[in-house]
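**Q** Annotations for this protein, taken from TrEMBL, read as follows:
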type	residues	note
TRANSMEM	27-51	transmembrane segment
TRANSMEM	57-81	transmembrane segment
TRANSMEM	102-122	transmembrane segment
TRANSMEM	128-152	transmembrane segment
TRANSMEM	159-179	transmembrane segment
TRANSMEM	191-212	transmembrane segment
TRANSMEM	224-250	transmembrane segment
TRANSMEM	270-293	transmembrane segment
TRANSMEM	298-319	transmembrane segment
TRANSMEM	325-344	transmembrane segment
Amino acid sequence: MMDNHEETTTSSIPMPAKVNPAAKKALLILSCILLSIGNCGGPLIMRLYFIHGGNRVWLSSFLETGGWPFILVVLIILYFHRRAAGKDGDNKHTTFIYMRPRLFFAVAFIGVLTGLDDYLYAYGVARLPISTSALILAPHLAFVAVFAYLLVKQKFTPYSINAVVLLTVGAAVLALHTSSDRPEGESKKEYAMGFVMTVAAALLYGFVLPLIELTYNKAKQEITYTLVVEIQIVICLFATLFCTVGMIANNDFEVIPREAASFELGRTKYYTILCLSALIWQCFFLGVIGVIFCASSLLSGIIIAALLPVTEILAVVFYKEKFQAEKGVALVLSLWGFASYFYGEYKLKKRSSYQKSSQEQMEMSQPNYP
C-alpha cells in the first residue's frame with residue numbers, strides 16, 4: 001500500500017465520516033470508557049482464570065475476541081436508528097451492510113494478525129503476574145508511535161513526543177522490579193518465554209492499531225461509525241477463527257468440561273469467568289476502534305499506556321501483588337504523559353480554530369468588486 005500523502009488520484013483520498021462534532025465528542029468519551037473497562041478488566045479476569053486452575057492458553061486467546069456476537073447488538077441498534085431517521089434516503093431500503101469486498105479482505109487479514117496477537121498475549125498472562133505483563137506491554141506506545149508515523153504519517157507535536165517519552169520512561173522504571181516476581185513453581189524458562197511472548201504481543205499490536213487507521217484511509221468509501229463496527233466484527237471473527245483452529249489442534253474443546261469440574265472456584269464460576277472475559281474484552285476492542293475513528297491510533301496507544309498504572313493498582317488490590325516505589329513513580333509519569341498529550345491536543349485545536357476564524361474575517365473584510 002502506498003502512503004495516501006503521496007497519491008494524487010481523487011479515488012484514493014480518504015472519505016471522512018460526516019459526524020456532528022458534539023456526537024463525535026460523546027462517542028469519543030464513550031469509547032474511552034469502554035477502552036478503560038476492557039484494558040483494565042480484561043487482564044485481571046484472564047489472570048483469575050489461570051490463578052485458580054485454568055491452563056488453556058488457546059481458550060484464553062479465543063475469549064479475547066470470541067464475544068464478537070455482542071457487537072451485533074450495536075450494529076442492529078445503529079440500523080434501526082438510521083431507519084428511523086431516514087438517513088439512507090428510503091426507510092424501506094435502509095442499508096444494513098456497508099462493507100465492500102475490497103475492504104473485507106483487508107480487514108480479514110488484520111483479524112488473523114489480531115488472533116496471533118491474542119495468543120501471544122494470553123501466553124504471557126498465563127506465565128507472568130499482571131503487574132509484570134502490564135509493564136512489559138507499556139513500550140507498546142512507542143511501537144504505535146513508530147508505525148503510526150510510517151503507515152499514516154501521524155504528526156507529532158512537542159506534547160505528544162513528551163507523552164511518549166514519559167510513558168516509556170515510566171515503563172522502564174517499572175521494569176526494575178521484574179527479576180523478583182517469578183510465580184512459585186514456575187521455571188525460569190517458562191517465565192522467560194512469557195516475557196518474550198508479551199514483548200512480541202506489544203510489538204504486533206503496535207503495528208495493528210496504525211494498520212487499522214491506514215485501512216480507514218484506503219477504504220475508498222465513507223467511514224461511518226456503522227462501518228467501523230462492521231470492521232470490528234470482521235476483525236474479531238477472523239481472530240476467533242484463528243484461535244479456534246489452535247483450540248482444535250490443542251484439544252481444548254474436549255478438556256473444557258474436565259477443567260470446569262476441577263476449577264478451584266467451582267464449575268458455575270468457571271463458566272461465568274469465561275463469559276465475562278469475552279464480554280470485557282469486547283469492551284476493549286469496541287473502545288479501541290471508536291477512539292481510532294474519532295481521533296487516531298496514537299491516542300488509543302496513549303490511553304492504553306496511561307491505564308497501565310491503574311491495572312497495576314488493581315492487581316495489588318485484588319491479587320495482593322507488591323506495590324514497590326517504582327510503581328508509584330510510574331503512576332506519576334503516566335498521568336503526566338497523559339495530561340501532556342491532551343493539553344497539546346487542546347492547544348492545537350485552539351490554534352486551528354483561531355486561524356480559521358481569522359481567515360473568515362479577512363475574507364469578509366475584502367471588498368467585492370463587480
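First residue shown is number 1, and so on along the chain.
Cβ coordinates are placed from backbone N, Cα and C, and glycine is handled just like the others.
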**Q** Using a cut-off of under 8 Å between C-beta atoms, tell me which stretch among 27-51, 102-122, 191-212, 298-319, 325-344 contacts the transmembrane segment (224-250) the most.
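**A** Against the transmembrane segment (224-250), the leading stretch is 102-122.
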**Q** Taking residues 6+ outside the transmembrane segment (270-293), which of them lie with a CB under 8 Å of any CB in it?
**A** 17, 27-28, 30-39, 41-42, 45-46, 48-49, 54, 59-60, 63-68, 70-71, 74, 209, 212-213, 216, 223, 225, 228-229, 231-232, 235-236, 259-260, 263, 299-300, 303
**Q** As a test: from 27-51, 57-81, 128-152, 191-212, 325-344, pick the stretch that has the greatest number of Cβ pairs under 8 Å with the transmembrane segment (298-319).
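**A** Per the Cβ under 8 Å count, 128-152.
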**Q** Take the transmembrane segment (57-81) and find every residue of the same chain, 6 or more past its ends, with a Cβ under 8 Å from one of its Cβ atoms.
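**A** Counting only partners 6 or more residues beyond its ends, the transmembrane segment (57-81) has Cβ contacts under 8 Å with 42, 46, 49-50, 94, 96, 114-115, 118-119, 121-123, 125-126, 225-226, 229-230, 232-233, 235-237, 239-240, 243-244, 246-247, 249-250, 252, 256, 274, 277-279, 281-282, 285-286.
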**Q** So if I exclude everything within five residues of the ends of the transmembrane segment (191-212), which remaining residues of that chain have a CB under 8 angstroms from its CBs? That is, six or more out.
**A** 110, 113-114, 116-117, 120-121, 123-128, 132-133, 136-144, 146-148, 150-152, 154, 178, 182-183, 231, 235, 288-289, 292, 297, 300-301
